[in-house]
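As recorded in Swiss-Prot:
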- 190, 191, 192, 193, 194, 195, 196, 197: ATP binding site (BINDING)
């Protein structure tokens, strides 16, 4: 890369890159970076020129196994370029090279970046469970360790130029509405695999770059959630650009989130009820001039189209952005198409890194599992799932706990603890409309509640994994990033459909230690009512586990 020059810094984990205007770079892998000088953007977010301080670094996450790179573009700078300020900043980070760099720059106005090789905790944890996740192994051999990212000059453009211009024009129109204090809504739409999630992130970054101070994401993609593990609808205020994948920016606890309890919509009425609650919440808590970007599902036909029709009626978006990659895929049929502002984008497909064999894209189920790993990574003592058994769990006393189970997963009272042991559970706020009963009718045992079509929507504050159950101590052990000590009352434990603890939690430990506590009743317990109430799960091999009841 003759136009991209690299220099070493005083800190061996940092590198300086000098990139000339007009360059367009693709970045695969993960790293942190900042812009010392120049006019540049990353994934449609305009980068500020800042000093080299730890708080100014922004994380990029563009795993090669997830196909689409981060796009770094450099433009002409204009009169705001400060050579003297750049020299001062370079002297701080590269005292041995700053004069050489400034001599090379001369009177030109390139963008100057500092890249950090250090992975953040969540990224390192996730990259350890999927081979060739960040970058291909053949690239790793070409890079001085640690090989976490790779910069190429592939001129990859996601959105064609004409459609890019249309999108910019529409964003400028919305910006005028913002200046008038009007709240606006943007609805990106796309079939499965079209790149809708990347489009949603791009729209967030564009809004932040266009002067929006109040950007909200209403995430209703229960199968591929952005800020929570799957199964939730949520409203999140975004204050910084989204430059990574969901596993890297999970929130520990949620302020405005409801647990739908599945990765696909089986009850449209409940789904739309939750959606309307969250959109009404946006209208109540958002500031004048705010924008709400809706992360819809990649489902545009049949029931998916019915849901999009409902979302359109509730929100009346000021802008629709439809993205598609495959002309043979069915597309959404808009209601009253002529009345809407619609930008259609036929997106380009990423070809990966030139010269390397194409890698199979990760399946949706694995992406969901990686999001769960990223969510719990903040509780790990080190960035490896093998350290999960060392995480100290919270203790919840039986009499204070309510367990909610979908009707399809209901078991006999004697098997309740076995059915939730090791499972991931949504932590929800108690709702007076729930109709719980005590296990065996005993006050010192948990309450059990069946979730069916008549159950209320439950507000979700986070997720936890049942670490174990002690019938003797009357305690359930839960591992969660949520600070349960700050709650006024214990959360309701809610199990979802098709939302399970990832298998990698069981196989990551080379010593094959079970990731849960094993407690059993003492033989000859005087209370025969509890006999057989709990039998521990048994880890039979590193790759298979079975349950004994």
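Along the chain as shown, residues are numbered 1 onward.
Placed from the backbone N, Cα and C atoms, the Cβ positions cover glycine too.
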Taking all protein chains shown into account, the Cβ-based neighbour count within 10 Å for residue 195 (ATP binding site) is 24
Same-chain neighbours of the ATP site, Cβ within 8 Å of the mean position of the Cβ atoms of 190, 191, 192, 193, 194, 195, 196, 197 and not counting those residues, run in sequence order as 199, 298, 323, 324, 325
Fewest neighbouring Cβ atoms within 10 Å among the binding-site residues 191, 192, 196 goes to 192
Cβ-Cβ distance under 8 Å, sequence separation of 6 or more, same chain as residue 193 (ATP binding site); the residues meeting this, in order, are 298, 325, 326
Same-chain residues at least 6 positions away from residue 190 (ATP binding site) with a Cβ under 8 Å from its Cβ, in sequence order, are 196, 199, 298, 300, 322, 323, 324
